[in-house]
Amino acid sequence: MDLIFAEATPPGRGGVSIVRVSGAGARTVAERLAGPLPKPRHAYLREIADGENILDRALVMWFEAGHSFTGEDVVEIHLHGAPVIVRRLGQLLKAQGLRLAEAGEFTKRAFLNGKMDLSEVEGLGDLLAAETESQRLAALRMSNGELARKADAWRSLLIRAGALVESSVDFADEEVPEEVPGEVFELLDMFKAELEMQIRGYAAAERIRNGFEVAVIGPPNAGKSSLINRIAKREVALVSDIAGTTRDIIELRLDLKGLAVTLLDTAGLRNARDELESRGIDRARQRAEAADLRLHLSPEGKADNSLWQEGDLVVASKADLHDLERGLSVSSVTGAGLDMLLDKMFDVLSQKASGAALVSHERQLNALMAARNAVDDVYELPAELLAEAVRHASSSLDHLLGRIGAEDYLDVVFTSFCIGK
Ligand SMILES: Nc1nc2c(ncn2[C@@H]2O[C@H](COP(=O)(O)OP(=O)(O)OP(=O)(O)O)[C@@H](O)[C@H]2O)c(=O)[nH]1
Ligand SMILES: [K+]
Ligand SMILES: [Mg+2]
């Protein structure tokens, strides 16, 4: 594979900018610019120079193939963090025949060279995108190979079951119907129970990864937009005393004590006065129905029965204008009741987040379901078909880790990465 380079740190000004080079001969390229670099994994403080012209003083290190992130020869050059320095180094590297890496190309090479499996790649992508503590923790587990290790344990159940089935085929008397040992079904039941636990916990894991949606709904002028602005501490949505101010859905990303949440401001619910308002209300209803939680907001603290779902929160608004009732009430003017509301939201959502599985990507879920389904109704099967079903389940686990069939996903997975990753 050809030599690639890219800035590994975000573009812009900073203390240090790191440029990474990968591919056979990366060390030679670096030595042409920085002088001899005898030992791998040692940091050398060097002048980076193009003949007489000194570009910068930089920290340079290299990693030999097999002991690097990509699995190839890798060089890291830690420059002073000014864009002009990075740009000039890029020119020097291009002059030596290197090309700028594509988005995710370093990670793609790591995958192709067997340094990571596909679930670890997905975990790394999640880790780089993590905004909250719960996202970080889940992504870290995935990128550290926890799903891969689980899959290997599941596979060993299948290998044992498969071997028992095969032996019953081999030694069966042609006259006597083959008898499959009972242990096979115990192993397959164990396998299915493990996978079903993951499949059940997928929805919660997916929500942790993508964020929970919470819709603020209620009649016009209830104070929905005011509440969102108060939580955001900025003017996310327009507020006015005109009923029907909000039309489109407005989204606010929140870190709710470690949970990623998207709070939705919606059009006030009533019989619409015009076509545009009616479309806004339709949207509000659709998004509210699909959301993980609804906050029913009104000065009276009443819920909208047509949208009510178990676990929803009913909140009285404008608490500064009237006596506090029982239950949740907030004022977007004074901020009273806000902490209590956020605590309640967190309680409801963390309840939904409990029991989260490790699998959090639809691709992973599909592979797991295929593996489970392959050995679903196999109790009556003749031994040869049973052996075939076990092999099928095993190959679905290979799909899970990208050991086979990864071509279909590579482009999707890696284009979600930035250049330099
Ligand atoms: N005193 C007081 N006034 C509030 C409070 N919250 C909102 N208001 C006022 O109530 C009016 C309506 O507020 P909005 O936030 O626009 O209400 P909304 O529910 O988003 O209204 P629509 O978008 O039209 O459905 C505005 O005049 C706000 O200033 C509050 O907590 N206390
Ligand atoms: K309004
Ligand atoms: Mg509004």
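Just so you know, glycine gets a Cβ as well, placed from its N, Cα and C.
As annotated by TrEMBL, (6S)-5-formyl-5,6,7,8-tetrahydrofolate binding site applies to ARG20, GLU76, LYS115, LYS421. Around GLU76 ((6S)-5-formyl-5,6,7,8-tetrahydrofolate binding site), the same-chain residues six or more apart in sequence whose CB sits under 8 Å from its CB are ALA8, ILE18, VAL19, ARG20, VAL21, VAL60, MET61, TRP62, PHE63, listed in sequence order.
A mean pLDDT of 96 is what the model gives for the domain 'TrmE-type G' (211-350). Feature annotation from TrEMBL assigns domain 'TrmE-type G' to 211-350.
Summarising the annotation, TrEMBL assigns K(+) binding site to ASN221, SER240, ILE242, THR245. Classification of THR245 (K(+) binding site) by DSSP places it in coil, neither helical nor stranded.
Feature annotation from TrEMBL assigns GTP binding site to 221-226, 240-246, 265-268. When other Cβ atoms within 10 Å of the Cβ of SER225 (Mg(2+) binding site) are tallied across all protein chains shown, the result is 23.
The annotation Mg(2+) binding site is assigned in TrEMBL to SER225, THR246. In this structure, SER225 (Mg(2+) binding site) is part of a helix by DSSP.
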Given the binding-site residues ILE242, THR246, LYS421, state which is nearest to SER225 (Mg(2+) binding site) when distance is taken between Cα atoms.
THR246
With DSSP as the yardstick, break the domain 'TrmE-type G' (211-350) down into helix, strand and coil residue counts.
41 helix, 32 strand, 67 coil
Considering only the binding-site residues ARG20, GLU76, LYS115, THR246, LYS421, which possess a Cβ situated under 6 angstroms from at least one atom of ligand 2?
none
Where ligand 3 binds, which of the binding-site residues ASN221, SER225, ALA267 are close by, with Cβ under 6 Å?
SER225
Can you figure out which of ASN221, SER240, ILE242, THR246 (the binding-site residues) comes closest in space to LYS115 ((6S)-5-formyl-5,6,7,8-tetrahydrofolate binding site), comparing Cα atoms?
THR246
About how far apart, in whole Å, are the alpha carbons (Cα) of ASN221 (K(+) binding site) and ALA243 (GTP binding site)?
5
Can you list which of these binding-site residues (ARG20, ASN221, LYS224, ALA243, THR245, LYS421) have a Cβ closer than 6 Å to ligand 1?
ASN221, LYS224, ALA243, THR245
